[in-house]
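*Asks:* After the C-alpha cells below, expect a handful of questions from me.
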Amino acid sequence: MAVSARDYWDLTKPKVVALIVFTALVGMFLAIPGMPTWLQVRTGALGFLGIWLAASAAAAINQLLDAKIDAQMARTSWRPLVVGKVRPAQVLAFASVLIVISMTILVVWVNVITAVLTFASLIGYAVIYTVYLKRATSQNIVIGGLAGATPPMLGWAAVTGLPTSADWINASLLVLIIFIWTPPHFWALAIFRRADYAKAAIPMLPVTHGVPHTRKQILVYTVLLAIVTLLPVAVGMSGVFYLGGAVVLNAVFLWYAWRMLDPPDELFSMKMFGYSVVYLMALFAFLMVDHLLLPWVR
C-alpha cells in the first residue's frame, strides 16, 4: 500500500510542531529592535523553515522509537507507523531527509550557531528524552523538557547569531518560561492518561507517585511559572501590554492548578491541559504584540 502525504504529515505531529515554531517566530521578533530589515526577514523565514523541518524530523523519530509504546496507548494507537500505514524504514528515511534539508538551510543561509542549537535540541528530544529519560525517571518531562523549550532561542539565534550576553540572557528567559510551563502542561494530560502510561510501563509522575502528589506538583510549577513570566518585564524586554496579558493568563492558570487539588470530575485535568496550550500561545502572542505594535505603552 502506497504511503499518502497525509501519513507523512501525521508523522510530524503538526499540532505540536505548530506551537513549537510559533514560539520560535516570537523569539525572532523579540530579537530585533523595531521593524526588521529585508535581510532579517529573509534570514528569519529561512530560519523558520529550518527549525520547522528539524522539529518535524524529531517528531517522526520519536514515533519511530516509541512505536511499541504508542501501540499500547489509546491516545497514540492511531499513528501511521502503529497501524501499518508506513514502515520503519520509510519513517527513518523521511526523518533523515528532513534533517539534511534543515541543516543545509540553517548552515548555508542562516548561521552555524542556529544549526548547532537546533541539532542539539533534536537529539535532546528524539534520542535522549525518547530513548532514555522517558523510560528511566518520573522526572522525564522535567529534564527532557529543556529540548522542547529551546525554540525561542533558536528563533532568536536565527536573526541575530546571539552575538552578545544580553541576547543569550533574553533568549534564555523565553526558554525558561516554556521549561517551567512544560511539567504542569504535560502532567495534566498524564493524570487523565495514567492508565495508558502504567500499561506501557512509562514512569510518569502520576504512575510512580500517585495523582494527589502530581496535583501538588502541578500547583508548585504553576506558581513558579507565574513568577517566571514576569521576568521579561523585569529586564525591560516587555512592557505593560504584555504584563497585563500575563497577569490575566496566570490568574486563570493558577485557578486551574488550585482547582486540580480537588477537581470536580475526571475530565478536569484535560480541561487544564487544553487551557495550558491556549495559555502558552496567548502569552507569546502578548510578547510579540507588545514588542511590535504597542511600544508607546511601555
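Backbone N, Cα and C atoms are what each Cβ position is placed from, and that goes for glycine too.
According to Swiss-Prot, the protein has these features:
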- 16-36: transmembrane segment (TRANSMEM)
- 45-65: transmembrane segment (TRANSMEM)
- 97-117: transmembrane segment (TRANSMEM)
- 141-161: transmembrane segment (TRANSMEM)
- 172-192: transmembrane segment (TRANSMEM)
- 223-243: transmembrane segment (TRANSMEM)
- 244-264: transmembrane segment (TRANSMEM)
- 277-297: transmembrane segment (TRANSMEM)
*Asks:* Using Cβ distances below 8 Å and needing 3 or more such pairs, separated by at least 6 in sequence, tell me whether the transmembrane segment (141-161) contacts the transmembrane segment (16-36).
*Replies:* yes
*Asks:* Using a Cβ cut-off under 8 Å, which residues of the same chain at least 6 positions beyond either end of the transmembrane segment (97-117) come close to it?
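*Replies:* Apart from its flanks, the transmembrane segment (97-117) reaches 43, 46-47, 49-51, 53-54, 56-57, 60, 150, 153-154, 157-158, 161-162.
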*Asks:* What else in the chain is close to the transmembrane segment (223-243), if you only count residues 6 or more beyond its ends and a Cβ gap under 8 Å?
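*Replies:* Here the qualifying positions are 30, 169-170, 173-174, 176-177, 180-181, 184, 249-250, 253-254, 257, 283, 286-287, 289-291, 294-295, 297-298.
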*Asks:* Under 8 Å between C-beta atoms and at least six residues away from its ends: which parts of the chain pack against the transmembrane segment (45-65)?
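*Replies:* Here the qualifying positions are 11-13, 16-17, 20-21, 24-25, 28, 79-81, 88, 91-92, 94-96, 98-99, 101-103, 105-106, 109-110, 114-115, 118-119, 121-122, 125-127, 130-131, 151, 154-155, 157-159.
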*Asks:* Which residues of the same chain, at least 6 past either end of the transmembrane segment (244-264), have a Cβ under 8 Å from a Cβ in it?
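*Replies:* Apart from its flanks, the transmembrane segment (244-264) reaches 184, 188, 215-216, 218-219, 222-223, 225-226, 229-230, 233, 271-272, 275-276, 279, 282-283, 286, 290.
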